[in-house]
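Following: one structure in structure tokens, then a few remarks.
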2 protein chains.
Amino acid sequence: MRRLSTEDQNFQQTFADLLAFETVNDPELLVTVDQIIADVRRHGDAHVLKLTQQFDRHPAHQFSDLELSQASLKQAFEQLDPEVKNALQLAAERIRAFHTAQKQEGWQYVDALGNTLGQKVTPLDRVGIYVPGGLASYPSSVLMNAIPAQVAGVTEIIMVVPAPNGVLNPLVLAAAHLAGVHRVFTIGGAQAVAALAYGTETIPSVDKITGPGNRFVAAAKRAVFGQVGIDMIAGPSEILVYAEGANNAEWLAMDVLSQAEHDTVAQAIFISPDAALLDAVAEAIEAHLQALPKADIARESIANRGALVLVKNRQEAVDLINQVAPEHLELCLDEAVAMSEQIRHAGAIFMGRYTPEAIGDYCAGPNHVLPTSGTARFSSPLGVYDFQKRSSLIMCSEQGVKTLAKTADILAQQENLDAHARSARYRHQA
Amino acid sequence: MRRLSTEDQNFQQTFADLLAFETVNDPELLVTVDQIIADVRRHGDAHVLKLTQQFDRHPAHQFSDLELSQASLKQAFEQLDPEVKNALQLAAERIRAFHTAQKQEGWQYVDALGNTLGQKVTPLDRVGIYVPGGLASYPSSVLMNAIPAQVAGVTEIIMVVPAPNGVLNPLVLAAAHLAGVHRVFTIGGAQAVAALAYGTETIPSVDKITGPGNRFVAAAKRAVFGQVGIDMIAGPSEILVYAEGANNAEWLAMDVLSQAEHDTVAQAIFISPDAALLDAVAEAIEAHLQALPKADIARESIANRGALVLVKNRQEAVDLINQVAPEHLELCLDEAVAMSEQIRHAGAIFMGRYTPEAIGDYCAGPNHVLPTSGTARFSSPLGVYDFQKRSSLIMCSEQGVKTLAKTADILAQQENLDAHARSARYRHQA
């Protein structure tokens, strides 16, 4: 595994190059996706069915074959192995509890002039959740996307999940049952995004689309942004582990690998001021790789984008972490809480030696949909707030408006907006 | 002005057609903008200077001529006419007070197992505010974009504003002084957006770009989305006024015109169950238009996209309003508060007969950057929350992790993520 030290010549450049990850905008992809969206808008259900038969080799004969009943979701849940069923239930309960704490309420106040000002908070009416099919079809993603929407009070949650050859992961359906998903369609790709954004005869148009997908899905989400809301366009997963003091190198090495096994372009970085610990972690990673089913992926990820970084001290690590703005950050040291207070940018911060990132993926409670590729500089984990929106409330009293109307009148004249000025003037001269 | 009734044949179709406003994605525009972004990334300051000389006919000789000093902002403020200065100060104070109430704080709790969970809230490091130049260079927009960033605690607020022929509106500079803007560059267009997103030798790269602009600016913001955060891409301004009972038709007519004067594609809709009031408002609009400086714009806006709509009752109006999801909504009736509780989607709700929309544009306190074109279905007014972001906090205790690690282990196995399962297993078998 790549070994760096902040004392290396050109360290900053090497480190910046390691972090750089730019998705290429493929013009051909955009044309294909725009065409799919236009065709779905024009031909509705029929075109979605046709593409689903073609791309997913789905055996559906008519569009209604692509909708799953609530009974089938419930059945999938009830037929789970009891241990898995309990685990899924515990995860759902904990995710629900954490997200309930996130729910925002409206507020208002009366100002000194007697005018009422405030903010009303309402849930979105209808949202679409995209769940990838095939290998990356994760029940945990269903919980993490649908439960915040449910907690927000969204009236209708519509899930789309492609079923290649008509085959679905029953655990995904069980998770949809647990998370209160209202309707499920077994469709995917840009055609599913288009159907959710614009609606078809059968699928009602939604107000926002969340959830990860392949490059067709990402391009389609970007294209429909504005028509509907979208969550962030996710990049490869990342972890940054910082450790100092007494630590189990085997544990730390497995935490690093838990990101590396996701994807050959996933990024796993381990930072420490302790050279011996870096050696031990490097060795443990090699040892673990001998036994890991996804060793090929993890090995490529580490070779491509991984690094072990020696720092002079904790402050240097803080600065690097704030530069990376990692999706997942583990702080494995006694003073984890104090160190976390210096972290300005991270999707989720896992503190102490008993908080592996993997429990955050499933059942700690916070969301596992987190900002990647440094976007934690300006964005947040998926949350209840993504399924709520605000309206400003303004109510002036007959007396209270006078000062405000006078002010608005003066400023509107400066902006040459005469109707604005006159509209205000009526109220202060009334 | 177009007159509709919900009892018209095909009313729903006519009304839907009236609301439809789709910005066309001009492929040529996208190519131009992509090229500008690529050139600014490659050539930095030099290219921004070149385009500013070319497009804005700015007399700058070197890049440093494009930066304004803090002293020049202060001077612009101090030289204001006292009445205007006071009005701008009052507006800034009221906007600051409202937005301070919006500021979010972190929280945490300890669960029954002894694990700590929470959410940390931090401001963005650096943001860019785009202010249009020329006629649409509004000091109020500077306050509305910069003050929420300042309240959030953003370390550096960078404003860009094009200065055609080197000329600037001093009121815009005065507003930048009042709102605590840290640096101002007199640049605009896609080149300003590119410079803010990627940085140049002189301009540091920012984390988020907000503020309205022309179609080049909008296309550039969409293109850099992901590299930085952006606010919504704004459509034409809209107002929907609902009135019943005793009302002054002249006031209502001027409120309608205050949106129509913005833009020939702005949308002003007046709804009432009172046919006589519709007549009176129609008449007053015609009368006002005789004396309005921007009558030509307002007339075209009303002809293109305006309507007076007769409804059978208040409930029908509520349903129409929720369908429109208007940027600005005036509820001019005695029961405005009760009616507002039925409104699910609106950018800002102005209640009662003494709350003209124009005071919201300047000095009521809430933001005037609001979701347009029905996007209030899923988005919110610009706010302090746009300049803050969240990080999840997770800290398990040695005992508390055991249940969670067991659960994560089981679920990770179901997802075939073996390193995840093993990473969790270490902690529950420890």
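In case you wondered, yes, glycine gets a Cβ from its N, Cα and C as well.
Automated prediction, rather than curation, is the source of TrEMBL annotations.
According to TrEMBL, the NAD(+) binding site annotation covers A:Tyr130, A:Gln191, A:Asn214. Under DSSP, A:Tyr130 (NAD(+) binding site) is assigned to a strand (E or B) in the three-state scheme.
Residues within less than 8 Å, Cβ to Cβ, of A:His262 (substrate binding site) and separated from it by at least 6 positions along the same chain comprise A:Pro236, A:Ser237, A:Ile297, A:Ser301. Annotation comment: TrEMBL describes A:Ser237, A:Gln259, A:His262, A:His328, A:Asp361, A:Glu415, A:His420 as substrate binding site.
If you look up TrEMBL, you'll see A:Gln259, A:His262, A:Asp361, A:His420 marked as Zn(2+) binding site. A:Asp361 (substrate binding site) counts 29 other C-beta atoms within 10 Å of its own C-beta, drawing on all protein chains shown.
Counting only residues at least six positions away in the same chain, the Cβ atoms of A:Ser237, A:Glu238, A:Ile239, A:Ala346, A:Gly347, A:Ala348, A:Leu370, A:Pro371, A:Thr372, A:Ala376 sit under 8 Å from the Cβ of A:Glu327 (active site, proton acceptor). Under DSSP, A:Glu327 (active site, proton acceptor) is assigned to coil, being neither helix nor strand in the three-state scheme. The active site, proton acceptor annotation in TrEMBL covers A:Glu327 (among others).
The Cβ of A:His328 (substrate binding site) lies under 8 Å from the Cβ of A:Ser237, A:Glu238, A:Ile239, A:Leu240, A:Gln259, A:Ala346, A:Gly347, A:Ala348, A:Phe350, A:Glu357, A:Gly360, A:Leu370, each on the same chain and at least six residues away in sequence. If you look up TrEMBL, you'll see A:His328 (among others) marked as active site, proton acceptor.
Under 8 angstroms separates the C-beta of A:Asp361, A:Glu415, A:His420 from a C-beta of chain B, among the binding-site residues A:Asn214, A:His328, A:Asp361, A:Glu415, A:His420. Fewest Cβ neighbours within 10 Å among the binding-site residues A:Gln191, A:Glu415, A:His420: that distinction goes to A:Glu415. Around the Cβ of A:Asn214 (NAD(+) binding site), a 10 Å sphere holds 15 further Cβ atoms from the protein chains shown. Across the fold, the C-alpha of A:Glu415 (substrate binding site) and the C-alpha of A:Asn214 (NAD(+) binding site) stand 47 Å from each other. A:Tyr130 (NAD(+) binding site) is 44 Å away from A:His420 (substrate binding site) when you measure Cα to Cα. Residue with the densest Cβ environment among the binding-site residues A:Tyr130, A:Ser237, A:Gln259: A:Gln259, by other Cβ atoms within 10 Å. Cα of A:Asn214 (NAD(+) binding site) to Cα of A:Asp361 (substrate binding site): a span of 20 Å. DSSP gives A:Gln191 (NAD(+) binding site) a helix state. According to DSSP, A:Gln259 (substrate binding site) is assigned to a helical segment.
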